[in-house]
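Positions annotated as domain 'DUF1736' by TrEMBL: 311-383. The feature repeat 'TPR' is assigned by TrEMBL to 499-532, 533-566, 601-634, 703-736. The transmembrane segment annotation in TrEMBL covers 39-57, 131-151, 163-182, 188-208, 220-237, 286-305, 372-391, 403-424, 430-449, 458-476.
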Amino acid sequence: QICNQHNAEAPNLEQAFHRMAQTEPNLDHDVSWFLLPSYWAKMVVALISFLCFANSYDGDFVFDDSEAIINNKDLKAETPLGDLWHHDFWGSKLSSNTSHKSYRPLTVLTFRINYLFAGGFYPVGFHVINIILHCTISVLMVDVFSILLGGLQFSNKGRRLNLAPKTSLLAALLFAVHPVHTECVAGIVGRADLLCALFFLLSFLGYCKAFRENKEGHNFSIFWVLVSVILGAIAMLCKEQGITILGLNAVFDAVVINKLNVLELIQKLLHKDKSLENAWLLRKGLLFRITLLMSGGASILYIRWRIMGTGPPAFTEVDNPASFADSLFVRAINYNYYYSLNAWLLLCPWWLCFDWSMGCIPLIKTVSDWRIIALAALWFCLIGLICQALCSEDSHKRRILSLGLGFLIIPFLPASNLFFRVGFVIAERVIYLPSIGYCILFTYGFSLLSKQAKKKKILAVAVLGILLINITRCALRSSQWRSEEQLFRSALSVCPLNAKVHYNVGKNLADKGNQSAAIKYYREAVRLNPKYVHAMNNLGNILKERNELQEAEELLSLAVQIQPDFAAAWMNLGIVQNSLRRFEEAEQSYWTAIKHRKKYPDCYYNLGRLYADLNRHIDALNAWRNATVLKPEHSLAWNNMIILLDNTGNLAQAEAVGREALELIPNDHSLMFSLANVLGKSQKYKESEALFLKAIKANPNAASYHGNLAVLYHRWGNLDLAKKHYEVSLKLDPVAPGTKENYNLLRRKLEQLQKKG
């Protein structure tokens, strides 16, 4: 559908487009930079953006990737596709009170496609897609910056002209190589920001197409305005920031299409200038388009709110301490300080960290804090730029500064804490879109300096040096994102006061078996944040394994005192109490854990072990059965049921449970071993032998497998095979209990047979 407007007194929009190149100064005129054809410019941008992040292609799943990808059931084929529309980014139901309310179904869908094509959790495919997305976005930025810096101009054939080829190339290069983008590209969960940015830019370019000339001389196309709204909705389904493109399209329409001069408009309103009446048709077109954008945005937000089902997510004080401050003054001061730090990361992206919470940035509580200077500097610069954007007599300057500030500020608003509390202090990923505004302002500043400078080439070399430094920084930072160990350790120098950094370093060391070093970092995490219950829980676990039960109990008791609904800490406390033989307290702790987490198979498993120790066999079997109902692949629970039934002489029931378990987990060698033992006692030697051999094939170095198979052959009368497997078992474990005695018995029997022979 095409909207026609005719006004004899007001200039036609199409004529205004034709005059733009002549009436406005060319930003490229005084800039000493590379002039390349559009195709080659895009190739250069694509190549350089690829080089920046190429070394992240073979990285591991790190940090949030575990929760968003590896532990996310929505990626598995057995999860119905429809569930993606009712779950958050992490796979939890949106209606749940524990949900983070991050609604990004299209991003999760791309993860699912990655998983299905790769045939499992292989990170290379995930990383490659992220790199390709960033390269694509960087290429699109050439067209976007050509509009933002050079204006919207079409040829007679309806082809858009690039009136700023040099500066648009520079701005696109600045965007492509900015180190703050590393988290989005090298971290797989950054896919949300990349997909959001892709559709964000497509929405903007689609909106620009609404003003494309055609033969009939129509002024704008409603079709492309609606396409822009739809692309904005898709961007929001990738990440929440996407909705802000509708506001930016409105700003672009007012500033570029309608050449709105806010200062002049205010002056005319104050003087009741009747000339405003002559432009009512033009205003009607603008208001109509903005109405379409606002209606679309309101509809999208309403649907999003309906799907979300409940209020905003519940974050903790450690996630965003400023938002929990009682004083409005403290909240306002710290929010503004966070803004200044985000601005600094755009200007000087050298100190980068995967997490800025938990004491990384101490709160400003008084005006005497010297960090107030950063806040004042930010607003001094912003107010100066805003004044120039609104009051400058140079329409070219007004347009570029307005668009630069718009792209800098508007996409950042969802992360600003102004409308709702967010779950972070600073997140480098949320600066991906605002960096567009930074690149506009940097490039415009460069053009102004070039205009004044006598030696323009020196200035160009300096900018080229900045690009090279950023490329180097991107490559270095990408290598840090390749593994959790490098990523977490890189943060120690940036945020030494961040308890979460020490916690993650400790967790990584513990996963690698270095418990002594892990204890050191866990203790530091607890020292920095005495209420850090997860650090207490993990430290308590390690101390429990090292049999330091007293301190483990103290830590876990403190953790559940601080956070009474911390189910994992209650379960671990129960394990410690069980080890201390305080069985009643242990049972109470297990049931408290289950109370706070209804579906807790590991807790039922440990509860079963407690009941087995107390010879409460029926209760133990029931607890383990609950564990397998909640988690059918819970091998330990199945094994314990088989062993308990075997030990109590219930061979038929043990066999039935073993067969049921192997149907669910057919490749579990420990289950094969347990069932083989039962079948051997039931004199089903042939079937028992087959299971033993299958278990040994899966795990050939298990001494007990060979030892028990030897016992089977010994009973069965296959003495040579029994001798062979006894010897293998003793070679693998010379002190295996009972094996040496059985082997000696067999040897004596063989010697007797030889004598008789």
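Each residue, glycine too, has its Cβ placed from N, Cα and C.
Annotations in TrEMBL come from automatic prediction, not curation.
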The transmembrane segment (430-449) versus listed stretches 131-151, 220-237, 286-305, 372-391, 458-476: most Cβ pairs under 8 Å:
131-151
In terms of Cβ proximity under 8 Å, which residues at least six beyond the ends of the transmembrane segment (286-305) contact it?
3, 103, 210, 220, 222, 225-226, 228-230, 232-233, 236, 243, 246-247, 249-250, 253-254, 257-258
Restricting to the same chain and to residues at least six past its boundaries, which positions have a Cβ under 8 Å from a Cβ of the transmembrane segment (163-182)?
20-21, 26-28, 31, 33-36, 38, 41, 44-45, 48-49, 52-53, 56, 134, 138-139, 141-143, 145-146, 148-151, 153, 345-346, 349-350, 352, 428, 431-432, 435-436, 439-440, 442-444, 446-447, 463, 467, 470-471, 473-474, 477-478, 481
Can you tell me how the residues of the domain 'DUF1736' (311-383) break down into helix, strand and coil by DSSP?
36 helix, 0 strand, 37 coil
Compare 39-57, 188-208, 372-391 by their Cβ pairs under 8 Å to the transmembrane segment (458-476) and return the stretch that comes out on top.
39-57
Looking only at residues six or more beyond either end of the transmembrane segment (403-424), which have a C-beta under 8 A from one in the stretch?
100, 148, 200, 240-241, 243-245, 247-248, 251-252, 255-256, 312-313, 315, 319-320, 322-323, 331, 335, 338-339, 342, 355-357, 382, 385-386, 389, 430-431, 433-434, 436-438, 440-441, 444
